[in-house]
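Reading through the structure tokens given below for one structure.
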Amino acid sequence: MMSIRQRKEIKTTEVSEDFPAQGENVKLGDKLPSGYTSRRLWKILSFTIGGAIALCIGLLTSVYFATLHENDLWFSNIKEVEREISFRTECGLYYSYYKQMLQAPTLMQGFHGLIYDNKTESMRTINLLQRMNIYQEVFLSILYRVLPIQKYLEPVYFYIYTLFGLQAVYVTALYITSWLLSGTWLSGLLAAFWYVTNRIDTTRVEFTIPLRENWALPFFAIQIAAITYFLRPNLQPLCERLTLLAIFISTFLFSLTWQFNQFMMLMQALVLFILDSLDMLPAVKATWLYGIQITGLLLVCILQFFNSMILGSLLISFNLSVLIARKLQKNLKTGSFLNRLGKLLLHLFVVLCLTLFFNNIIKKILNLKSDEHIFKFLKAKFGFGATRDFDANLYLCEEAFGLLPFNTFERLSDTLLFYAYIFVLSITVIAALVVAFHNLSDSTNPRSKMGNCTVDLKPETAYNLIHTILFGFLALSTMRMKYLWTSHMCVFASFGLCSPEIWELLLKLVHLYNPKRICIMRYSVPILILLYLCYKFWPGMMDELSELREFYDPDTVELMNWINSNTPIKAVFAGSMQLLAGVKLCTGRTLTNHPHYEDSSLRERTKAVYQIYAKRSPEEVHALLRSFGTDYVIVEDSICYERRHHRGCRLRDLLDIANGHMMDGPGENDPDLKPADHPRFCEEIKRNLPGFMAHFTRVFQNKTFHVYKLTRNK
């Protein structure tokens, strides 16, 4: 029986069951004391029930994911090396630093080993705390050392239970956000149900546990919930200050735990910019949020020993540009419609120019090249010219960085989530357009109208609307980012179905408005959907929990055991990024390259090491590998004879194109590509020809891997 440690609770304040989000025009003085008391008791009871359900649903989700992970791998029964191998690619690299900290004789020696690391990249000493977002591994290792749990809980379980515990926090935060928007905890329950029933598209925590996003997204969800509450009008000063503190802490933790934080927060900054420009958000609150983003990111920059990639981020340049442009352009929100529209376009142009100016200046001063591969990838992805850049093509050919597959919408439709989302999105977009036009028209009427209907869009609703639209575009363009969108999709769809404003606007448009009908619709529709989800998906979920599998990767296990038994502890290994992360974790050997790709010199190293799959001579490959101090190189048949990608996207094809060589197999080649002077290295080395044997000696072989020892230069 698995037990999951509760890591953190989310406390909510000022949430009532009956229309708290719309701020009813109720005069308390007109009510009898007994009526006021009964209403207050009902609010307390509703809050208590809703809060208890939030914590229970979060905890149950955590246990559910942990059980799926156990059943899929039989994690409790497999060997330690198999557990570590199950942390694939970069997951294994991150977990290795947690293991390294625990194995250090003292905490100070552990810190020293991370700050002056010479095993992650051979012949180089790097500061891992500066390069990577691994403070969470450091924090967990300290906790495990300090807490009296070593006799009862293995280190690996303490690690994975923490991540599954964060899933409880994540689901609870989604629940609370939906509750805050709609005014009823029923919408939070529906959001949580949708999150779980769509787990294929909302999370991948059960099979990529140490991935940075699994650490970061719970804090991102807390931040969104806090921003949603902060944007409510007429908050008490104390509540406002506490909410700002919650936003700052969650922003800081989100930034600290994920290297792509700056790009996600840039999307948030764009949301604030759009709403502020259209006068749908108080300018003072937008300024506070801009400042919190900058402050949180700079604090992370300090903790990461002044990481230049953070200082050169577009987010800092953009936020500074917005604040400066505001000062330069006064009276931005006055005048006629055309006058204001012209001012906004000029404002947008000024912000864009200032952002590019600041960003280029900072990057030139810092000589920053860490993120250039991302912009090369984006340039090629959106059709601004073809590229032969190896790094950009490596991303372009990965399915995770491609467009969102159409079958995603089929799966989301099976749970009715996509239909509900489109329904709510359509109504709120129409309302937002009406409100935006009204705001830009400088009308004396404080309320906007659509026909005979009064349209009002609260700041917190407007924020979540633009948030879901921008992150939707991000997910559509890059499949890996869908987890940021689909989880918020659950929140937004459930909020809309339980929102009195949505149903009021809809019923007024079709001339069926009645206060009782609003109440019936906002409660009956989500309850019917919950019943449908239970009926359709509960049996399948029970089958999943009873289905038992077992981890099985004998070739990799054999390789790791051989390395541990037959190679020196200081031996340097070269190979694919994904495999070497496992080598680092399972054996502690030194690597030439690894999957954390946010460093220009590492990308050059990786391309050089990957020449083992290109058409190069043994002398050239040997010289390249020895320049990094390589003692052993691992050649993988799954890469050498790859069939997963189509022609032009196989790793060997990317290398051929980058080297100016014609690709293998039937098909066209660019006219300027030439036949290579040498055969493919990974194929020829297995023939034991004299030219290869003079530089490489095969010391291990199984069905998947071939390990060669390099001769040392005289």
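The backbone N, Cα and C atoms fix where each Cβ goes, glycine too.
Automated prediction, rather than curation, is the source of TrEMBL annotations.
Note that the coordinates shown come from a computational prediction; the quantities given were computed from them, not determined experimentally.
Range with TrEMBL annotation transmembrane segment, chosen from 140-162, 485-507, is 485-507. Highest Cβ pair count under 8 Å relative to the transmembrane segment (519-538), across stretches 244-274, 294-323, 485-507: 485-507. For the transmembrane segment (416-440), the neighbouring stretch richest in Cβ pairs under 8 Å, chosen from 44-66, 215-232, 244-274, 485-507, is 485-507. Long-range Cβ contacts of the transmembrane segment (215-232) within its own chain (Cβ-Cβ under 8 Å, at least 6 residues beyond either end) map to 10, 13-14, 21, 136, 163, 166-167, 169-170, 173-174, 176-177, 180-181, 240, 243-244, 246-247, 250-251, 253-254, 257-258, 261, 264, 281-282, 285, 288-289, 458-460, 463-464, 467, 483-484, 487-488.
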